[in-house]
Structures are given as C-alpha cells and as structure tokens.
Amino acid sequence: MESEQLFHRGYYRNSYNSITSASSDEELLDGAGVIMDFQTSEDDNLLDGDTAVGTHYTMTNGGSINSSTHLLDLLDEPIPGVGTYDDFHTIDWVREKCKDRERHRRINSKKKESAWEMTKSLYDAWSGWLVVTLTGLASGALAGLIDIAADWMTDLKEGICLSALWYNHEQCCWGSNETTFEERDKCPQWKTWAELIIGQAEGPGSYIMNYIMYIFWALSFAFLAVSLVKVFAPYACGSGIPEIKTILSGFIIRGYLGKWTLMIKTITLVLAVASGLSLGKEGPLVHVACCCGNIFSYLFPKYSTNEAKKREVLSAASAAGVSVAFGAPIGGVLFSLEEVSYYFPLKTLWRSFFAALVAAFVLRSINPFGNSRLVLFYVEYHTPWYLFELFPFILLGVFGGLWGAFFIRANIAWCRRRKSTKFGKYPVLEVIIVAAITAVIAFPNPYTRLNTSELIKELFTDCGPLESSSLCDYRNDMNASKIVDDIPDRPAGIGVYSAIWQLCLALIFKIIMTVFTFGIKVPSGLFIPSMAIGAIAGRIVGIAVEQLAYYHHDWFIFKEWCEVGADCITPGLYAMVGAAACLGGVTRMTVSLVVIVFELTGGLEYIVPLMAAVMTSKWVGDAFGREGIYEAHIRLNGYPFLDAKEEFTHTTLAADVMRPRRNDPPLAVLTQDNMTVDDIENMINETSYNGFPVIMSKESQRLVGFALRRDLTIAIESARKKQEGIVGSSRVCFAQHTPSLPAESPRPLKLRSILDMSPFTVTDHTPMEIVVDIFRKLGLRQCLVTHNGIVLGIITKKNILEHLEQLKQHVEPLAPPWHYNKKRYPPAYGPDGKPRPRFNNVQLNLTDEEREEMEEEVYLLNSTTL
C-alpha cells in the first residue's frame, strides 16, 4: 500500500509502525489498522494505496538496449533499490517470477564453466530444501519449549514442586510412592500456595488463599505479556493468521516476521496461555513458524532477493506450524493449501510436507507431554459408530455453524467498537480487565480452571477402568444379562449429572469470554477455545444419547445396535465431532480440518462423522455469511486481500470502476521523449501516485509502457551522481532511440530500461468479473484501461476492493447496462482525419449527429461513481 496514501487515509496512525514508538496505553492503538474507509477523496486517485507496480515480463537490467546507447543508459549496472518494495506495498508477482527465471537461466548458463559454478548451481538447487529443513527444526524446537513452559507456568498458579522447581504438577508426582489411585495428583512433593503461606491444605481459608493466588498469577502473567508486546514487538499480538494470509497474498509488512517478533511472541505466548485467558497457542504457532521461515530465508540469496520465492518458504512454514500445533503433518500441509496460501505450486507442496515432517519429528523427540505423542489430547477409540448416530452428529454440525456465525459477528462488532471508543486506546487496561474477569469466574468451576488443552483431553477421553473423573462416575448395573464389553453403557451417577451442570456453565463462560478475548493485545489463538466449546457441547450431547440408549434400548433406532450391557455410545467421540464442527464453523475449514482431527484420533472409521459435522457447520455458517473469522478480520483491518473464495456475479464493466472519474484530476501520464528531468520531478513531487503510464504524445495518447515512481526517483538520483551533464533541463527519453536534439541541448537521460514495456491492459468493455479474476490469479497490482490502444484510465487493487465492498453493502453502482457497450466512445479521429480534442482521455468534439447519439454514453462514463 502506498505509504503516503496510507498516511492520508489514517492507516499509519493506527499501523504497527506507530505502535513501535508508543509510550502509553493511549498511543498503543490497534496494530492491525483501521476499518477500511472507502469514502473517495482527492487522495484516492489512480495508482494509490496498495497498487503501484506495473506488470513486468522482461526483468533484465538494461536488457534489449541498443549498443550505441549504452553510455546514456542508467541501468547497464544494477542500481540498489530498483525493483524492491517499500513497507505496506504489494509485490508484483509476475515481475518476481521473471526475475527468478532470469536468475535460473544465468546459473544454468554458467554451471559448466568451472567446478565452483557447478557447486553454486547445486547449492542453489538444494537451498529450498535446506531452508525448509531449518524452518522445521526451529519450529519443532520452539513448539516443544512453548509447550513445556506453558504447562509449568499454568500449574504455577496453583502451587509449586518443592523437590524440583522446574517440574509441573504431574511430573512432580511421577516419582512419589505416596500417591493413591483415587488421588493420583496429590503427593507430598507438591504444595499448594495455601499450604506454603498459611499452612492449611483444606478448609475455607485454604480455598480463599488459593483463589487469591490464582488471580494474582493470572493478572501477573497477563500484564507481563501485554507489556512486552507493547514495548518490544507490537506485531506479536493476536493470532497472526490474518496478517500471514495477507502477506502470502503479496502484501509487505516489514518486521511482522522479524527476529524481535519471533522472540517476543514465543515468550508472551507462554505467558498468555498460562494466564488462563480463553485463547490457544495453535494459531500463534503458525506465526512463530513463519517467522522462522522468514529469518532463515535471508541466508539464501535465492529467497532473500525475491519476494515471491520467499512466500513459498512461508507457505511451507505455515504447514510446519500446524504440524507441531496439532501433531498433524498432513493436516498442516492441507491447512497451508486450503486456508493461508495464495500461490502454492507443486514443489511448495513437497517442501511443505517435508517441513511438517521435520517439525513433527523434532517435537516427538522432545516429547513435551511425556505421553510419546505430539499433542496433549491424543485419543484412540475402539468402539465403532452406528448409522443412527449421524443425526446427533449433524446436530452438532448445526450447533458449530451457529456458533461460528455468532462468534464472527459478535467478535467483529466488538473489535470495531474497540477501535472507535476510548476503551480501545488502553490495551493494557483491557487485557488486565479481561484477565481479571476470566480468573474470578474460572476458579470456582473445575472445568474452566483447567488449562484448555487439558479440558479438551478430559472431554475427548473415553471412560475406562483407570479414569477417576466425575464424567466417568457411572453406577454399576449388576442386572446386565450380557457383558459384551469390559465397560458397557451404564446409568449415570451423581458425579455425571453434577459434571453436566458444570459443563453447561463452562460452555456459557467460554462462549462469552472468547468473543472478548480474541483480538486483545496478547498472542491469542482461536483453535483451542473453539474446539473446547465444541467438545463441551459434544460431550453433553454424547452423555444424553448414551443415557437415552441405555434406558430405551428397545426403541427401533437402538434395538439393532444397542443390546443390554453393550458399549454402544462413546461420549468422547461426540466431543471430538463437536470440536471439529465448532472450529469449522468459525474458520470455514473443511478438508484440512477433517484430516487434522483424524490424525488426532488415529482412526479411519470416524472420518464420515467428522465430514458430516464439518460440512454441516460450513453450510449453516455460510447461510449467515461466507466469510470465516480470518477473512472478516482482514476486511476489518483494511488489508488489500482479494479472497479467491468469493464469487463476483455483477454486470459492471472496467470502465465503471477505472479512475479517473468525473471531477477527478486528469490521468497523470508521461510522454516518451518530450519531458525534462524537472518535469518528471515536479510530477513526482506534486502527486502521490506509485507509477505513471507512458504515452507516445499528448495528441495520440497511445500507450508505450509504465514507469514506477520509486524507479524513476532512484534512476534520476543515480544519474545526477554518476553521469556528467544531467541537469534539470535534460530531456528524458523512454524510446529506444534518442530523438534529434540541438547541439546546445544538455545531455539526454535514457530511462527505457526501467520502463515496463508490457503492462497488463484491459479494454473499457471488459466485464469486471473477468478483471477481478485476473487480479486474483495473476496477483496484479494494477492494470491499465485502454480503448483502441488509447489510455483511458487505470484500475488498481484498491479500486477493486472498494467496488467489492460497495457491492457487499448492497449499494447499486451507477453502471450502464450491457446494451451501452456498442458505442461507448466516438472514433479517435474526426471526419477530417485529425485527432479529436480530449477531456479525461475521452473525445468530446463530435459532430451534431454523433453528439446526439453519444452524449448520454459519454456522460455515463464520466459520472459513474461508487
């Protein structure tokens, strides 16, 4: 996005750059930007915003230049800065791919010259595998470190291990010989804060002291986390997935994947999870992995100098992040393909798979949970599902879709309100308030007091002979006539009914607090809270179906499968299906989500229930809005992202969206051989556009190419320093041959080699449906609109986003109908063969007969506004 335009539009006032220098809560505004403002103004002319660079198909510095003009050409030697991008700009995908092909040809042409060149060629070929290997190693190691530290600090809120301070509660009691089966978590080595401070293990005083210490540690962790984010790395807040999706689509946010962000996000993610807030670490782990991929890519010139190639590494890194987050390497690859990646060639698929494999191997070697698994809540079920269970599974899918639609609307509404109220200007205070409310309400309920991952583990786990949870407090039925399984379906005991009420309260608590927690200025993931909500609902439904089958086993739907004494219903399976449904309702993931949950359980036979629930949740959620939570936050924050999932079904034309519009300044253009250095510098200083079309002359308006503002500035500055005779009155020539000049004229400046000779163009009659498709699939930043080779205007990515936003708000654009396509513009030349006069590139000097026929069409073209 054009930096000056961002400043005018208020983006910088709420950007991450401004947060870096924030010195108070009031200055720490939303790091993700402001709500997208589509009110047009004089700053919103063509070539502003995030669309600045023309489409390049030839990227040699000084290539195709006549040898007789080498001395006058600036770019025979590469100039530092030419072809690079500023912060908040969008990359030119086509130009970057051309640069990579040219680099590849150059390496192949030299590799047979010497052994050293052959070695460099092999290094270049293997650099892609090396960078994803390093990314996988670092992602797995950091994930293991985060898991171990988060578990220890979570248990620190309740007590401490005196024998080894670095042990969490479970590890502390592993070596104790004084634990019992019923109270396996109690051992002399582990002391609660009440025992250490007041010397009481039971009673009201002990409960109150533990309550106070729980709140104290929760607030301390939350305050430390938000303070570190505010002072050192504002980019470390949030999930990171919306920004990563935007970056992978070609947008540049300097520092978002830097070393400071990686360091602070790793530390504060541990603190945020340990504070007990309703958030998870799985989403931020994707951000951590992408930071690793970005840092390691700078070790290899193949990726450090090419933004498009770097995004292939980031796609592989996101797969590694999900691999260590859920212990699902294949699911991570599919997540990268389905959810975050914008450009995903086949070799990126292989490297993503390898990165996910390496990351999972490293995490398995660390074994952070001590269960030889990659995640805490790995489960295995041995009871098959039955056909009649599809109905409750689909009901859970409906619940997941409704929850997703509610959460997206509620969370976006709250985030929008946070931006527009004074409360949003004090993010530290907001985090403290949310953490305090969470801790105060969570402690009395054992299911909300638990770490969310441990809660999901308990809800997923099937009741066996070694389970002592109140969810497994069933009454043994001695009248069962036939024992089919070791643990048959049994009537629920008092503990089960008590647990159901506690789970209902926990469900309400999680739903409310997750809405207000996601988006605060600490690292906050959404995967685990959504899965916890679905797991709670699923476990409740599973217990209900189980008891229904036990007491009414003679009903026709149970009679065939549920015999007396048989293990018919598995409530933990319902929790797993509910978790997948709720996560799918929020993110609208389908294939990757099913594979992730399948890898969690290790059972192929549960794919059909998962698919049914996930698809149902997506259909129900799409009925209320097709955007997932990440797309909604991208749109809220004003990022230039064109979602490939959206369909464009309207009948507007390119001429209806292009700029300039009526009452706009004329299109700023350069001529190929009759402008001076001063003329170009004045145009650059007086405008804020990122580039200028180059035409043959003011009379013909025929398109020659496209010149970038940044390249023009760098080239002119370099010419003044390195070439003698270049002054303000020097003629600037974009043509291949320098025109004849008087002998006393100053030395001309040739800039043809910085000119994009093949900018992407569409005609004024091109349907916007096709234009939008071209922008999405080619990653364009802008395209020029022409009529018979004459430049009429320009369409930028920002114009596309504005147009789509207006259509979403059901504002009918003032677009002419299709039958106006035949004679939109008069001929370029009049009856006498001379060019017609122009206004905003449209010929207006018509004969009376032509004027009568064309007046309405020309007016429609100039007056169409959005």
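For all residues, glycine too, the Cβ spot is worked out from N, Cα and C.
Remember, it's a predicted structure, so these values are computed and weren't measured experimentally.
The domain 'CBS' annotation in TrEMBL covers 658-722 (among others). Note on the domain 'CBS' (658-722): its mean pLDDT in the predicted model is 85.
The domain 'CBS' annotation in TrEMBL covers 755-814 (among others).
Residues or ranges marked as transmembrane segment by TrEMBL: 126-150 (among others).
Within the chain, the transmembrane segment (214-236) has long-range Cβ neighbours (under 8 A, six or more residues past its boundaries) at 16, 19-20, 22, 25, 28, 31, 153, 156-158, 243, 253, 255-256, 258, 260-261, 263-265, 267-268, 271-272, 274-277, 427-428, 431-432, 434-436, 438-440, 443, 449, 520-523. Among the features that TrEMBL reports, transmembrane segment is placed at 214-236 (among others).
According to TrEMBL, the feature transmembrane segment maps to 256-277 (among others). Residues 16, 142, 145-146, 149-150, 153-154, 156-157, 214, 217-219, 221-222, 224-226, 228-229, 232-233, 235-236, 240, 243, 247, 284-285, 287-288, 290-295, 314, 434-435, 438-439, 442, 449, 451, 513, 517, 520, 522-524 of the same chain lie 6 or more positions beyond the ends of the transmembrane segment (256-277) yet place their CB under 8 Å from a CB of it.
Residues or ranges marked as transmembrane segment by TrEMBL: 284-301 (among others). Long-range contacts of the transmembrane segment (284-301) within the same chain, counting only residues at least 6 positions beyond its ends with a Cβ under 8 Å from a Cβ of the stretch, are 127, 130-132, 134-135, 138-139, 142-143, 146, 239-241, 243-244, 247, 257-259, 261-262, 265-266, 269, 310, 313-314, 316-318, 320-322, 324-325, 340, 359, 523-525.
Under the heading transmembrane segment, TrEMBL lists 313-337 (among others).
If you look up TrEMBL, you'll see 386-408 (among others) marked as transmembrane segment.
When Cβ-Cβ distances below 8 Å are used as the criterion, the transmembrane segment (428-447) is approached by residues 25, 28, 211, 214-215, 218-219, 221-223, 225-227, 230, 275-278, 418, 455, 458, 499, 502-503, 505-506, 509, 513, 516-517, 520-522, 536 of the same chain, each at least six residues removed from its ends. The transmembrane segment feature in TrEMBL is assigned to 428-447 (among others).
Sequence-distant contacts of the transmembrane segment (499-520), counting only residues of its own chain at least 6 positions beyond either end whose CB sits under 8 Å from a CB of the stretch, comprise 226, 237-239, 277-279, 403, 407, 410-411, 414-415, 418, 427, 430-431, 434, 437-438, 441-442, 445-448, 455, 469-471, 473, 526, 529-530, 532-533, 536-537, 539-540, 543, 629, 633. The transmembrane segment feature in TrEMBL is assigned to 499-520 (among others).
Annotation comment: TrEMBL describes 532-553 (among others) as transmembrane segment.
According to TrEMBL, the transmembrane segment annotation covers 573-598 (among others). Sequence-distant neighbours of the transmembrane segment (573-598) (same chain, 6+ residues past either end, Cβ-Cβ under 8 Å): 322, 326, 328, 330-332, 334-335, 337-339, 379, 381, 383, 385, 392-393, 396-397, 399-405, 407-408, 456, 459-460, 462, 526-527, 530-539, 541-542, 545, 604, 606-607, 609-611, 613-618, 620-622, 626-630.
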For the transmembrane segment (313-337), sequence-distant contacts whose Cβ falls under 8 Å of one of its Cβ atoms, 6 or more beyond its ends: 128, 131-132, 135-136, 139-140, 143-144, 244, 247-248, 257, 281-283, 285-290, 292-294, 296-297, 303, 343-344, 348-349, 351-360, 362-363, 373-375, 378, 527, 589, 591-593, 595-596, 598-600
DSSP-assigned states of the domain 'CBS' (658-722) in counts, ordered helix, strand, coil: 24 helix, 17 strand, 24 coil
DSSP residue counts for the domain 'CBS' (755-814), split into helix, strand and coil: 23 helix, 18 strand, 19 coil
